[in-house]
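Undergrad: Before anything else, here's the structure in question.
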């Protein structure tokens, strides 16, 4: 009757309840086989159908229980580099702390404007002056149901990497103890004061890595005519219907030739500001708007994953963070996370729950101490959120 909602393979996560801690502490593993993933249009159609019989709060509970969420995927591969890998070397800060990838803004669906430059371009360390309101992001997204201020439900990091294959204590070989190559998360946020006059007046064709944010009409206007008795096969077809997806997509720059109007805003990397990692305070002779990134010497309690110590074979790590995770960092379950190569504070769920609409998730690759090298082949971020 409904588009695969009850055949979705996701694990159950009922709102208001916390999964047992031992279930939240999943070890890094090989990626799952591909399966059905709903698009935003699929979720909206199901909500439109269910609201004829169910109250909104129950509908949201059903969708969260089934993990029936839209998501975006960002992926970068270094196969075109020498040896097919990015090498992060210990030494100078710019060599041992390397920005790798960013996600699409939370709640926005991927469009043709996002290219490799947006995904992989490192930011200058500038401080955030002011934030866009949740209401403004909601207008840009144009969803038929007001999007939550904190809509993120799950983040999946998939990392293909290894270290130099030797070094460290012999007893640490093949474990995650004594590993000095790892990955850390980051957060970026759009600065409402960062879109200068040039951004507002630029031609879209001159900013291939930009996202043109305009107010979108409610998607419910496009799905209101759907018959609840329509078959599952018929309901699945809108996922490939570009006309219905367009309500959640930003305009295609290939069809725009005129300069943008001042009542439109360009969201691109020039208006993104780092929230995590933190910025060093400016020195007396520095521009206060320009900072330096602060990177700890040792792996933090929020590290996504360490490489297995002294193993030269590439390993695929799949690390999932959920909004229902609830592991005390100082508990035995926190100890278990460290044994798996993760930071002991990554099981609290706070990183996921605290993400705001429009936030961007990033990954940094790191290496420390002489001769340690982080070999990075591929990194992927999947971000799931509730409508």
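Quick reminder: no glycine exception, Cβ is built from N, Cα and C everywhere.
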Undergrad: Check each of the ranges 302-323, 324-345 against TrEMBL and return the one annotated as region 'Disordered'.
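TA: Here TrEMBL associates region 'Disordered' with the stretch 324-345.
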Undergrad: May I ask you to indicate which of 16-35, 36-55 is given in TrEMBL as region 'Disordered'?
TA: 16-35
Undergrad: For which of the residue intervals 135-190, 191-246 does TrEMBL record region 'Disordered'?
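TA: The range carrying the region 'Disordered' annotation in TrEMBL is 191-246.
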Undergrad: Tell me the residue counts in helix, strand and coil for the region 'Disordered' (324-345), as DSSP assigns them.
TA: 8 helix, 0 strand, 14 coil
